[in-house]
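Structure, as structure tokens:
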Amino acid sequence: MATDDESFPWDQDSILSRDLLSALSPQLCYENLNRSCVRSPYSPGPRLILYAVFGFGAVLAVCGNLLVMTSILHFRQLHSPANFLVASLACADLLVGLTVMPFSMVRSVEGCWYFGDSYCKLHTSFDMSFCCSSLLHLCFISVDRYIAVSDPLIYPIRFTASVSGKCITFSWFLSIIYGFSLIYTGASEAGLKDLVSALSCVGGCQIPMNQSCVLINFLLFLVPTLVMMTVYSKIFLIAKQQAQNMEKMSKQTTRASDSYKDRVAKRERKAAKTLGIAVAAFLLSWLPYLIDSIIDAFLGFITPSYVYEILVWIVYYNSAMNPLIYAFFYPWFRNAIKLIVTGKILKQNSSTTNLFSE
């Protein structure tokens, strides 16, 4: 029988060997499951930074867009067909911040999906639907701005609340039908049986897109983009012409009606410029991701995971950009924020407050 002195070195070697094997073996999302996905966790420092960056984006998307919606829906002065479109756009971005970004944050930082297969599909459907809805809203907003700038006096008759409601309904209906049908019918995975099998592990949420779906996504992005670029090019030319006319008229005596028309045109051009910046930010956020999706679909998903995560979060952060753009360019939005934050919005008749400095 071995003595304690003889057995101790053997036990020590066993412990060291076990620790070495543990260090060399890959970490799993679920340690007790054989089909668990492998995770590649960050060290504590980078993890904290990533959580802070991604979490800030989610909070900004929710709070910022909630402020936009509250401002437009509460203050009667902002009740216009164009602003209802903006409020609906803010709703889409807010839902991205609520239902998509927090869960994607955990997946991106931890390298695992801990929210189940059912919510994985729902999460992806939300992602596609709300982002598609944002694009369609921006497209309709660009058309609205074109009508407003090209003929500001006739605009209220042409773009009514009814027209705005139809645009909003179409944007949401088409986006939700497309996003959910693509995921829940399995159309996105058709022809990718081997890849789907390779990605099937517990703790993963990767739904690959085949070439057909990637091309459809790109076309859904491209067509509204071309519409917006064409429309904003025309808006720029009209605004330039109006500015020249106003400069000429400023040297002459004008009637009151002409002066009113000039003020309206100036206000509409400023709104078009602000929303044009929002459109440009959207396109710059989405274009790298879509190009990468096409490259992956046709070259065998060659993009490194960290590059993919960066591109995805650039897209997500776009949902937080619009409130910042409005706050920078719209004095009425800054005034509304002050009233909301200070609690003055709760006072009686606060909805009739004049938010415009002019």
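Using the three backbone atoms N, Cα and C, a Cβ is placed for every residue, glycine included.
Taken from Swiss-Prot, the feature disulfide bond covers C37-C201, C120-C205. Per Swiss-Prot, N-linked glycosylation site is recorded for N34, N210, and the stated evidence type is sequence analysis. Feature annotation from Swiss-Prot assigns topological domain 'Extracellular' to 1-47, 105-125, 188-217, 296-309. What Swiss-Prot records for 69-83, 144-166, 239-274, 334-358 is topological domain 'Cytoplasmic', and it gives sequence analysis as the kind of evidence. Annotation comment: Swiss-Prot describes 48-68, 84-104, 126-143, 167-187, 218-238, 275-295, 310-333 as transmembrane segment, evidence class sequence analysis.
Features as recorded by Swiss-Prot, highlighted on the structure.
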| residue | record | CB count, 10 Å |
| --- | --- | --- |
| N34 | N-linked glycosylation site | 8 |
| C37 | disulfide bond | 20 |
| C120 | disulfide bond | 18 |
| C201 | disulfide bond | 18 |
| C205 | disulfide bond | 20 |
| N210 | N-linked glycosylation site | 16 |
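Using a 10 Å Cα-Cα cut-off from C201 (disulfide bond), the recorded positions that qualify among N34, C120, N210 are N34. Within the set of recorded positions C120, C205, N210, the entry lying nearest in space to N34 (N-linked glycosylation site) is C205 (CA atoms). In this structure, C120 (disulfide bond) is part of a helix by DSSP. The topological domain 'Cytoplasmic' (334-358) scores a mean pLDDT of 88 in the predicted structure. Note: the Cα of N210 (N-linked glycosylation site) and the Cα of C120 (disulfide bond) are spaced 18 Å from each other. Outside the transmembrane segment (84-104), and at least 6 residues removed from its termini, the chain residues within Cβ reach (under 8 Å) are 54-55, 57-62, 65-66, 68-69, 72-73, 113, 115, 119, 123, 126-127, 130-131, 133-134, 137-138, 140-141, 144, 161, 164-165, 167-168, 171-172, 275, 312-313, 316, 318-320, 322-323. Counting residues 6+ beyond its ends, the topological domain 'Extracellular' (105-125) has Cβ neighbours under 8 Å at 29, 37, 39-42, 47, 50-51, 54-55, 58, 99, 179-180, 182-184, 203-205, 207, 309, 312-313 in the same chain.
Using DSSP to sort the residues of the topological domain 'Extracellular' (105-125) gives these counts of helix, strand and coil: 16 helix, 0 strand, 5 coil. Secondary structure counts, DSSP: the topological domain 'Extracellular' (188-217) has 16 helix, 1 strand, 13 coil. The DSSP breakdown of the topological domain 'Cytoplasmic' (69-83), given as helix, strand and coil counts, is 12 helix, 0 strand, 3 coil.
When the Cα atoms are compared, C120 (disulfide bond) and C37 (disulfide bond) turn out to be 15 Å apart. Per DSSP, the secondary structure of the topological domain 'Cytoplasmic' (334-358) breaks down as 14 helix, 0 strand, 11 coil. Per DSSP, the topological domain 'Extracellular' (296-309) is made up of 9 helix, 0 strand, 5 coil.
A Cβ distance under 8 Å defines the sequence-distant neighbours of the topological domain 'Extracellular' (188-217), meaning residues of its chain 6+ beyond its ends; these are 28-30, 33, 35-39, 107, 112-115, 117, 120-121, 123-124, 182, 290, 293-294, 296-298, 301.
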